[in-house]
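**Q** This is the structure I have questions about; it appears just below.
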Amino acid sequence: MANSVMRRWAWSWAALALVLGLLGRSLGQDIHLLAASRPSMALDRAVSFVPVGSDNSAVLYRESGSQFRTHSSVWPPGQALESRWGPFFRENYQARNSPWPDTPLSTTILLALHPTSLPTLVEQNANKVGLFQALSRHGLPEPQAELLAAVDSPPGGVELLGLTGEPGSERGIFLARLTSSDLVQRPHTLRPATGQVLVTSGFGRSFYLVDDGGLRRVTIGPDDNVQCLTIPSSGRVLQLEATRLSGSSGVEGDAADVAMLLEDGEVRVYLRLGDPSGVVLSGGQLPAGVSAHGARLLVAPASASRDYHSPMYLLNPAASTLEDRVWYISIAGQALTWQRAILPPAAGSPSTLQLVLSNVEAPLDRWHLVDSNHRLLFDPAFFRCSEDPSIVCDRDGSRTGSDLGWRCASERVESPLVSLERLCAGCPDGWYLDRPTAGSPFAHPDHACRPCAEARCRTCGPTHCFVCAEPYLLEPSGPGGVFTCVEGCSSGYRHVGGMCLPSSRPLPLAGISTPVTRDLGVELAPGDRITAVGRTWLSADPHSEQVILPASTSGPATGVLIFTEHPRAYIQTMDALTGRGQSPARQVPLLGGAFSAPVLGFAEMGPFRRDGQLVYVLVAALQGGQASRLELSCSGTGPCPAGANASLTPVSTESSNMVWRFDEDLLAISKGPRGVLLYRPDPSYRGVIYHHNLAAGVASLRSGPALDRAPLAAGNHWMVASGAGSKPSAFPIAMGEASGFQWPPLAGRLLSGLPDSDTDMVPVMLARDLDAWVPGELVFSNTLGPRWEVLHVPGDMVPAGRAVDLPFVRRALGTFPRALEPATAEHGNVLLQAIDLPGANGRYPSGLLLLSRTFIGLSLLHCPSGSAGPCALLPATFVDLPPALRLPPGTLFWNPATVHVPAVAAGSMRTEADPAPVEVSFLIFAPAVGPVALALTVACPGGGHGPMCDGCHPRCAVCGGPANAGDCVTCVSGAWLHGRSCVTECPAGTWPDVQACQACPADCASCTSGTECTRCMAGHFRTGQLTCQACDESCASCTGADGCDTCQPGLVFMGLDPGVPSLCGSACRPGEHVADGRCAECHASCELCFGAAASCQVCAEGFRWASRPAPGGTGACVPCGPGCASCTATKCLACEAGLFLAPDGACEGTCPAGTWPNGESCQPCDLSCAACAGGQSTDCVGCPPGLELLDAGMPPVGSCVSGCAAGQYRDPGSDACLACDRACAACNGPSDGDCWRCADGVLQDGDCVQVCASDHVAVAGRCLPCHASCGECSGVRSTECSTCQAGLLALVTGPGSMRCVPACPAAYHASSTACTPCPLRCASCPDAASTCGQCERGWLLAGAACVQTCPADRLALGHECVACHSACDWCFGPRADQCLACEAATPFLVDGRCVGVCPEGTFADRNTCMPCGATCASWALASECTSCAGDRALLGVSVGPAARRGTLPRPMCASAAGPSVPRAKGRMPAPAASTAWSFSRMGAALRSARQAGRPAATRAGVWPARSPVPSAWHMGRNAGSSARRVGRAMFWGREPAGWPARRGSSCRKAGRSAGSAPRRAAPASARPTGAPGVCRGFSGRVRECVRRAVALPRGPSRGFV
């Protein structure tokens, strides 16, 4: 093979001379190289760029004689986001140290390139060699030995090639394998080298050597044998390189492409040297003006070019012209092509150019030049000059004048990593990025940079300016309230938060309540203490200790998670923040016992979906500095209970007590004041940790749905970080640990013109409305000094589409109560947190909370134009922590605050009843002081309301809504607050207190004060203390607690005597039945009955079935014979007490002669007795002839004996003892018929037999009849039956004991053949023996069992424990039509049933279905029809003076003659003269009705006003239905004080329904189809249309609709 290869290469060399004579130098078009924006690394020293495997590079340099340093790539292999920006290597290094500290710098270092990692360093001095990092050094063969090359030799070694002997003479070739412990020479037969010797490394374990004797390929084979291939070569070689060149094709084995630069100016290339397919190429002579001396070839090493082939450059620093200094040599077919590679001015001299392998995933070459300044140089194709319209590149005939060879296009500026297709994707100051189509900057053709409308604006959007140039201020004085830039506030405006706002609009007054300690309802064991508190979306199963995983965490947190030191974990509701309605915290052992140390801080992530499971993650910072991840999972989509196998994984060994969540898939772990870890799930949701050791704070710039900041991984997620002593930076989370915020194109460049003194600024992202043009407001807060200052970056990256040089506004929020102290090395001094404040019309969407060790501060974000315009932080409010709640120096800092925004406050910044209400509750925690609660309060100056402090109605002293009387909070003198209206008379169900109409006491329908009820709600009774108390759940009405006046539907009175008070139940006691709605006793013939007194389920003692019913049925019972307790139609089976069943079937008081009583029947005496008595048959009291009574010591009882020996009898004639018949064992005569006992067998009717006859049993050697009930028996008693007589049922009475009965008694279940016992304490089980149907007296039926007390989830109703139907929240029976309150899925209670939609003819009034008016077929509200009945039409509000004044809150019904209203006592007012009607008349009519003692709310067919105050109304009996509750307690946000919260209370039974203030209806012309309106008839007569009374707060006179 070697000979054939030699011949092949010899032929190629011979042919080469002809080829070189025919081919000249082929020149191509010039290549203009372009420099990266920045150096690949910030290191001012000479370095080597070495390959790391075959897909990445590293920086290597020698720091000292005993240390080398390496810098790895910023980007993981194959994940480089963008190389054109330049920074490619990390600033931090890895040291490679030698154990020989005195190693001189003059030692020779060889690099053995490794296929997957950093090269191995080989150190050689004068006479020794060794691995640089190994302790051993090994002697060389001779002092003059010179090592020339090294290649990797796995495992753990390198192959060396060197020369021995004196230079200038024939020199031996030295081959050896070097490891950390040994140097082993390899034997070979290589000829010595002569002349000038050049050596280079090849693929695998191969070297290439050229000397005067030619070119050789030396290979160490798999068997460690040395092989050599020699190629003749002519000409003196100046440079020898082995690689795999771009354009080379063919066999991809270990045959390398070898390039040589010859002294005569020729460049010769051997493609695939050593492979049969190899060829020889020549580039001919060097280009004119290029000398071989001083020039060098630049290619990549062979081992690094296997996957990504190397380019080949010729460097000629001494060229006469700058354009000829670098040449690119490429393979074109069978020839080499030369192109000039023109360096940009920034590149400097080409003498130090190197090649670096980038890891950008691209179809282009990944080898690039790098200059002495460490700046990467790219060709125009890789730099995408023709594809990226945001840049302009140098080209033939056109220069940009930039030292880099390129610049940004007009109206574009640099914006690193915002776009992967455009380097300059940002718009300059004074321009904004117009994105009609959603997506990252310039992702769509319609994206464009457009100038701001205001010339003095630096940051803007399509309409408003956000940041003005200094010293101008923002002011909404442009057309339509557009924000423009002004030199000073105009007339009518005032300076607030850095902008000018209208002076007429008062600003809300924010306050923080005094912090207080908060008991979280945790029952701590002795010595235990709380260690961490935070928000949670987890919940605890109320019936077990299981943890319930949520289906989503997109909404607010649902509870508070608490960890203690022991360790234990508890879950508490959000009520813990306010202390109102708080219940004991629930312990969750799954979380408490999961961690190895006490939890100091935590945050939750998820839920995620993996392998059909719902996965939820809790990351906790533990005592001792470790952070761990707890993974919980469950089957299903959630909510679902977590499985018991929770997985715990360490996350970090560095953490403080602070962990905070950005969203469901990203959180941060604080390492103390000078470090942050970012943690997010990888695609498998296992978790990836990103270290940002120098970050003092981070914030998430999670983009909105239409405003992607960049098309990077992780959902276009960018972060902002501020480093210790460094300026803020933005970076994409997809960079991971790739320098992050230290990456030079982004590091410290986020803010434009930021002074060097502004460091240690902590970033916080404040939320705005989801539909805002910008998704949030980025601010940076100081953490030191006496004043609170922020840098506000409106819109962050969104307006201009760039991540660097963003304009900002500096704001002073106030002076701290005391200066903030510097943070210690382990503990922070300040925590800054964004607080969302929903429901303020976008004008106060969030706030900035500051927690220090001694005080708390808060600043509200104010967006005057809502979601459209700019925002500003208002002056801050501060509150001092009480001395006992201040954190001592050196202790752990606060956990992130848990925040709760009540649902009541979600619609406005205040509640309706408190002028300065608590709107947002906070819970903070630190181990040194425990849980601390505080609250944000917001109030407006007098005459203002809500977050906008809009004006109030004149009758409101303080209001919470638009300028009408229906949104008052407090009233002027002479009026009372009724809900949100100021009225002069309080309606029914309320009474006039000092300032407001107060709700009557709990369960009162009317009252004269807060303590005296005059009338109770239905289902309640009036006590002697003038209060109302709820009836028992079984009562529909009552006058006392001990009995019902009427029962709930389906229930009956339990008492037998109508004159005695009685509660109600669903079933009577045993021995009773239901008759006329009350329990009555069964007939004397029945022990149990059903349906009627004589419809027996079980016959009483002394009675039998007249005709036996089917199992479980009823029938009539008839008497047995005299004295008989149990019988069939033909015979008695058991007698009454004191009587015995005689052989003839009669019940006798004394047994006849020859028998004795065994307690239940008369049994025959022993044959030896003439008469017997006592407890057994042998207790004789008289003897037959020939026998004498022998006294047994208990006269008159004895034994009858003959005085003869055994087997003999006394002959009565001779008085002699004669022998018995041989068949007899004892006898009283000579024949076999005189036997008393048989010698073999038993005595049956005087005969000795082997087996007794049927229905007989052998007793004492004698066959006696079984009991009359037995078919077969084991004794003569009734309990000793083995089988039963036909028609009787088997009843087991004990082990081996069975009776036969004509019918099963109570407490037994009857089948066709037997009686089976019912469950314990059960009186009747007709359906099945295992299912009780009725319990014994004093016991309650719970399902199939009898209990003394009902389970917690059931209601004791009569003699049953009732489980409510699944649709009911509370009930008075198990059926679907016995509900008292409803679940959320079916909230409407109709005729005792819970339904999801109100039936036709009713409308939904909160959780109540109210009747529609007579004119309406369906309604939306009490006064608004959606369709009409009969001949009526849907109309809007009539147009008239009242309508124009705005005094009509909503449309009403009207006939052709115009609308009218019923008066008291049925009289109707006259129609109004105009199309509007007189509300004063309507009010007078209803007032008359009330004064006459007939409240409108209680008249048939009329329902109560939708009162927004806590009041209750009850409607009486509706036509066609039984008495039932249809009134509902109507609440405004919360129950009145004193209302019971227990199940079964009146408010639960009646249901809850919150009212709302009246609202105006649109005119008919403006109302869409199906919208509420007025039904107007054309019958020519007036019909009643008012169906409820609503107080109208508008206008000077008080009217009602």
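Just so you know, glycine gets a Cβ as well, placed from its N, Cα and C.
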**Q** Select from 382-415, 1538-1571 the stretch of residues annotated by TrEMBL as region 'Disordered'.
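**A** The range carrying the region 'Disordered' annotation in TrEMBL is 1538-1571.
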**Q** In the domain 'EGF-like' (1164-1201), how many residues does DSSP call helix, how many strand, and how many coil?
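**A** The domain 'EGF-like' (1164-1201) comes out at 0 helix, 18 strand, 20 coil.
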**Q** Mind checking which residues reach the domain 'EGF-like' (1265-1301)? Cβ under 8 Å, same chain, six or more beyond either end.
**A** 1126, 1128, 1131-1134, 1141, 1143, 1145, 1158, 1160-1161, 1163, 1254-1257, 1259, 1308, 1310-1311, 1313-1315, 1317
**Q** Restricting to the same chain and to residues at least six past its boundaries, which positions have a Cβ under 8 Å from a Cβ of the domain 'EGF-like' (1164-1201)?
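**A** The answer is 1153-1156, 1209-1212, 1228, 1236, 1243, 1260, 1262, 1264.
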**Q** Would you kindly list the residues that approach the domain 'EGF-like' (1219-1249) from elsewhere in its chain, counting only those six or more residues past its ends and only Cβ-Cβ distances under 8 Å?
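**A** Here the qualifying positions are 1166-1168, 1184, 1186-1187, 1202, 1206-1209, 1256, 1258, 1261-1263.
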**Q** Who are the chain neighbours of the domain 'EGF-like' (1317-1347) in space, where the CB to CB distance is under 8 Å and they lie at least 6 residues beyond its ends?
**A** 1067, 1069-1070, 1088, 1097-1098, 1111-1112, 1292, 1306-1309, 1354, 1356, 1359-1361, 1363
**Q** Pull the DSSP breakdown for the domain 'EGF-like' (1265-1301) and write it out as helix, strand, coil residue counts.
**A** 0 helix, 21 strand, 16 coil
**Q** Looking only at the domain 'EGF-like' (1219-1249), report the model's average pLDDT.
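**A** That stretch averages a pLDDT of 88.
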**Q** Under the DSSP assignment, what numbers of helix, strand and coil residues are found in the domain 'EGF-like' (1081-1118)?
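**A** Breakdown, helix to coil: 0 helix, 15 strand, 23 coil.
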